[in-house]
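According to Swiss-Prot, the protein carries these features:
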type	residues	note
ACT_SITE	H44	active site, proton donor
BINDING	I168, T169, M170, V171, D172, M173, S174, W224, K225, G304, H305, E306	NAD(+) binding site
Amino acid sequence: MKVTFSQLKEAFNQVLLKRGVAAETADACADMFARTTESGVYSHGVNRFPRFIQQLDNGDIIPEAKPQRITSLGAIEQWDAQRSIGNLTAKKMMDRAMELASDHGIGLVALRNANHWMRGGSYGWQAAEKGYIGICWTNSIAVMPPWGAKECRIGTNPLIVAIPSTPITMVDMSMSMFSYGMLEVNRLAGRELPVDGGFDDEGNLTKEPGVIEKNRRILPMGYWKGSGLSIVLDMIATLLSNGSSVAEVTQENSDEYGVSQIFIAIEVDKLIDGATRDAKLQRIMDFITTAERADENVAVRLPGHEFTRLLEENRRDGITVDDSVWAKIQAL
């Protein structure tokens, strides 16, 4: 089915208001969920909203909580999220990283006791739109086996890197081949994954999203490389925030909350003039996109460039929402 941005935001807003969330907070949170969906990231927008409400109902998310600054060391700050709403707090932390970068050239905010930030790419994009390089990542509950194991002991720990090119170039990637949200998107659409995304119960690589969702044997991105990167991202986020590691979140909490996150902004224009910056970025992009195509019908793409097109399409044609997901939201 198709819905408009306004319909989607209003549906989110009403569910939040029904649960006693303050009007201003509910409006801001609903807006972020709707914008994520409008950008084409259904897995962490409309599809994720029922799960978000479940955690709100369980008390994992404290909607009235406000993040507090704990430590300030020039370009580096440490904050405690107080288990506040994840996407609103993440937006504030990237804003703060940009403020620090304006003073120091680079700003780093380490956040502990946070909730799921939904679409991590929103915060990298937020920085790139204002001319900064945006880098951020989060740890999570253990939802992926480390390389060589069958049991989940590491997080998917998504990493985002956004560059202020025209259009914005952005990598937003889980340390698994696919996020669990994308497994759900493909399962709901009745599609196999385009490449192997995990192991079946017999230990064979599989493209069946439902099998991987059930047995949790999701495949690390790049096999042992994604496994290793997940581990070191967790270590850095834990140390800089003095927060919880994947091990602590998994063993000590009843669900995925109280995670650790990193937000970095770099003010490029302190290091290079605007005309030179734009020319260098354009040369990089042109060099890549003019490569001979492996398939004449498929263009060479740069990461994140599809979001501008998806946004235009959804604004023009309406936002596609799975019927079963919409029914869940209407029932909340």
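The backbone N, Cα and C atoms fix where each Cβ goes, glycine too.
On a predicted model such as this, the values are computed, not experimentally measured, just so you know.
The maximal spread of the NAD(+) binding site, taken as the longest Cα to Cα distance among I168, T169, M170, V171, D172, M173, S174, W224, K225, G304, H305, E306, is 30 Å. Long-range Cβ contacts of M170 (NAD(+) binding site) within its own chain (separation 6+, distance under 8 Å): G121, G124, W125, A128, I160, V161, A162, I163, P303, G304, F307. Classification of I168 (NAD(+) binding site) by DSSP places it in coil, neither helical nor stranded.
Cα of I168 (NAD(+) binding site) to Cα of H44 (active site, proton donor): a span of 20 Å. Using a 10 Å Cβ-Cβ cutoff, I168 (NAD(+) binding site) registers 21 neighbours. Within its own chain, H305 (NAD(+) binding site) has P167, I168, T169 as residues 6 or more apart in sequence whose C-beta sits under 8 angstroms from its own. Shown are the recorded positions H44, K225; of these, the residue with the fewest other Cβ atoms within 10 Å is K225.
Each residue contributes its Cα atom, and for H44 (active site, proton donor) and S174 (NAD(+) binding site) those atoms are 12 Å apart.
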